[in-house]
Amino acid sequence: VCMLSFFFSESICGSYLQSVSLTSVNTCNMPKDNVCDFVCHCVDCSDENMCGFHKSSIVTQTPFTCDFELDDCGWIDMSSTSYKWVRNMGCISEGTGPAMDHTLGTNLGWYLTAESHTKASLTTAVLKSPVLRHAAATCQIRVWYHIFTGTDGGNFAAKLINGNRTIDVWQRPWSSSQHWRTFVIYTGRITGEFEVILISTHSSSERGDIAIDDLEFKHCGLPAPQSKCKSGQFACGRRSCVEQDQICDGTDDCGDRSEEVQCDSYNKCDFELGLCDWEQETGSDEINWELTNKYSIPTSTPFTGPTRDHTLNNDMDFLYINSSRPTVKNDRAKLLSPHLEATKNDSCYLVLYYYLYGTHTGSLNVYYRTSVPGDLVRVGGKYGEMGDYWFKDQIEFKVDMNFQIVIEGVIGEEEKGNIALDDLILSPGCKLFNGKNTNQKSLENSLPVGTEPTLPPNPCGERQFQCDDKCISENLVCNFKSDCKDGSDEKSCGNTNFEDGEGGWRDNSVGRFKWRVEQANITNMPNTDHGTNTSQDTGHYLYLEGVQGQVMTEAKSQTQIMGPSGLACSLEMYYYFYSDSWPAGYIVVSVINTELQTHKFPWHVQGNQGKSWKHVIIPIGERPRNFQVQLVGIVDTLASGHQAIAIDDIKFINCDPEYMPLNTAELSCNFDNGMCGWYQDQNDDFEWIRDNGHRPDVLNHGPGYDHTTGTGHYLFFDASSQLVSGYRAQLITYLQPQHFGDLCLSFWYYMYGPQIGTLNVKIKLEGKNETLLWTRKGTQGNVWHLGFCTLPHQNKMFQLIFEALYDGFNGHIGLDDINLMSGVCKAQKYCSFEANSCNYISSGKYTWVWQNSATGATTNGPFFDHTTEADRGYYMIADTSKSVLPKGLTATMVSEMHEPLFNEECLQFWYHMGGNSPGTLNVYLEEKNEKKEKLFSTSMKEGTSWRYGSINIRVDESWRVIFEALGAGGVLSHIAVDDLVFRSGSCSKPGFCDFELGTCGWSNTLIPKLDSYDWDWNSGATPSKYTGPDTDHTLGTKEDIYIYMEKRERDRYTQNLNSQCFYLRYFHCFHDKYNVFFDVAALYKDQEELNVIVYSKEDYLKIWQVRGHQSKYWMSGNITVESPLEFQIVFEVKKGIIVDSGGIALDDIEYVAGMSC
């Protein structure tokens, strides 16, 4: 007979009710034509649910978005083979596919995936949206996608089906990247019904996975009818309003084309009947523009021209430059306008639609000239890839002489780049010479005859840069060191005060905003630049301005290709951001990996920053691959009031890879005066935050206090932040010199939260991979802990790394007081064996080995370790099969020598014994290598479970622990141990735990499909707004410990706390103290449950339950268990759907055998 008792506590708390389902559809019975048209017609917007999107994301509240957290949003798998699209979750341990979704950035979030295809033949997975209706010309569908594959085989594509037309709108070859990436589908104006098709084609014989998440349909609804248009706007036939620059611009902005009707005074060319009044330049061009359509150019592979024209968004004609061989880099094609009169006071502008798409796209330039031939004056243009769509540009001409417009397309480096033109429109203010069309042959009658501009011959070869005295490789340009004597190779690389132009920054904007160099003016904001602090002619800055584009997207300006860079590389700049309205917009600095086309965002700022220039230093870090830095900015066009964004005085500092700061060896650091010799690794996914608990720009301060003084600085990582995405944050050093003696690295760490993730310490030898030295996973309580590990002598230079893994999503990891000193560290008090054997030594003929179940040589061991409950988790094992360890012989494993103890300690460990006659596990304590005492012994065949063991240690001399496996002649048998912990104080008796020194023999399950590891330790009130018990039950103080669970936004709905296995008895009694706390307003809507369940080999039985708010005080529970079999007790919490709504606390669990309650 045995008995369990416990104490529990419940408290009142509250928050909002979070909807479990968004699947209510068209509750107001709108006609079919008003369903899924990107406009909310029902009061609850249910006519826009299950449309491939819901009315809003349940997580981010972004409108018209599908995050797959609740369902598939109406997407339908149309695949005809076993290679199908399915809704799935991330799994960090599997190593393929996304380890986490994009929405939450956790393995608890959902996405759609077509995964695990291993067929050699070509196989396709097809995904179709529900029927959508009436897309506006501005419609953008942003899709986040993730590809993992052993080889770059396969293709991912998007299509639109509109009536009997199928339009290819996006495609890319498969390329593996351990990051979520994004692409945008620009639908163009679509009348009537259409569908979106996503197709994954995979031909590789290796495993490959593709996933999508967070599909956002932006600016897709037609403009809403208005009671009255603003001054200067055009009133559409359907009572909506558009801006003046959208009249007669060749795009249906109103939705009924009413603004495109009275346009006879405009000179338009849509190329459906030829070149109109435009002509090819002859003689000086290497290539020509081609009049073509989608059927005349190959479209079976990416980057081979537009798949539709702009005029009607269909299969009609446009102008195109064929970049396929024999064209070479910088070949040019020029298109000439009719001859135009001097503009005088007239408003003359050109509207054009351009297509620049492909990884090696060249450039499009717009010039004018006033003589034939003659110098070209550049007035606009675009460079590089812009996206798989037609984008609008409007260029104004103010020329006091007769002139001609020249549009030039320039070929890029390779065939993967295309340039096209459509819909050239000259405004009424662009008057033809003598009121008639004038072609090139008659220009000499209206323009003075000039000379053909010539460039000096280039003495350098292809892909070379010309210095003043020599030619260098293009790879040496913008590499942060001057390879030319005059430094010309580094002059247009982003270091600039904008007084002499853009300084190497190129505007790549495609929408209604762009970056432009602006001269400071007393009437502008800002009215002075930063560098000269003057509004006179010398003051310039980079300014975010509104332009006459079409799509609503950010302004982007980026550098040339740069790098590589060193670890200390940073970008210094000044920014100005003023807004007297909200929302105001944002500025982002992005670093683009030019090879993988992935983006990192090391800095951003949002909202009003006041009427002054602000200084920022942004870490760029070590980047072995070439990269570009991009400035991204946008303001809210609908906001009233004044808004202004500007950038000035940009400088890249300490970026030369050979640069070595003075503090590279300063590794001992308390972070009070900076980062010492530690640097953020900018190739990881997110950053450590330096804080003192009071930083105004940090919402959550982690520990809130440092270890050194309680008021200084520390580093921390907030696993609860929705802004974090990716998998790891690394803190790294420069290469350190080799050392010939041992070193001890000590540090203080803080890991608190119900699902906190992992902290690792690693070493990386020069030219080698990282090696794990130390690791911790999961909550360690609301205190700082000492960690340490020995660095063995190294004959190579090395780097040290602190790494936080984002495999937990509630809580904080902190780091402080790093110290590196000579000598060996003292013996470890905790060992999970995940990093190494913790210096447990096994020698002789029969040994213990360090292994995991996935790759270990001993194949008859446990299926998984105890720490991670995964087949890749490590443990120590002795194979006790008679063929390996004969009967009566032993294999021993010995710990390091420990220092003498002044107080008693408890050694807790988990062991596993399996197979036929596994033998005996003995644990000895040895003093001073002499006296040996047996403290633990078991020889029972233990089955498939890990078992809990503990021994008390009291010794006045130096000592060590010996684990001994005694063979019994078994077959395929073993003994394994894991998770050794030395704790102060005496061991608890089996089943008892007051949680003052840990969880005793109780553990959280780590199976991610079952729960999310949410029990935590605490003293005093819990962190939530509506706290749990103020004191523990054991001692009734705020300083002592209990365990608790709280409902958080990222949690699952079930959490388990499992006991150790109890041996065969018929009657058992359990006592505990419990406290259940949550919002009393949710008592009847959202009752949380605390269940006690008995698991045995043959049964699963719920034997006790409490639901709903009980009391704010600790309460007692008593349960009698009747079981003739070995069993486990599980405390199971089932949580409702209220976010941040309290939870359940437990304390003083007691197990008594041999009696009923």
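All residue numbers here begin at 1 and follow the chain in the order shown.
Using the three backbone atoms N, Cα and C, a Cβ is placed for every residue, glycine included.
The record in TrEMBL pairs Cys263 in a disulfide bond with Cys248, which is drawn from Cys236, Cys241, Cys248, Cys276. Here the candidates are Cys236, Cys269, Cys276, and TrEMBL names Cys236 as the disulfide partner of Cys254.
Looking at the candidates Cys467, Cys471, Cys484, Cys493, TrEMBL gives Cys493 as the cysteine bonded to Cys478 by a disulfide. The disulfide partner of Cys229, as annotated in TrEMBL and taken from the candidates Cys220, Cys241, is Cys241. Geometry remark: Cys254 (disulfide bond) versus Cys241 (disulfide bond), CA distance 7 Å. Cys248 (disulfide bond) and Cys478 (disulfide bond) have their C-alpha atoms 43 Å apart, to the nearest angstrom. Recorded residues Cys493 (disulfide bond) and Cys263 (disulfide bond) have their alpha carbons 44 Å apart, per Cα-Cα distance. Sequence-distant neighbours of Cys241 (disulfide bond) (same chain, 6+ apart, CB under 8 A from its CB) are Pro223, Gln226, Cys229, Lys230, Gln233, Phe234, Ala235.
Counting only same-chain residues at least 6 apart in sequence, those with a Cβ under 8 Å from the Cβ of Cys263 (disulfide bond) are Ile247, Cys248.
Taking the Cα atom of each, Cys478 (disulfide bond) and Cys236 (disulfide bond) are about 50 angstrom apart. Here the disulfide-bonded residues are Cys229, Cys236, Cys254, Cys493, and the one whose Cβ sees the fewest other Cβ atoms within 10 Å is Cys229.
For the disulfide-bonded residues Cys248, Cys478, the largest tally of other C-beta atoms within 10 A is found at Cys478.
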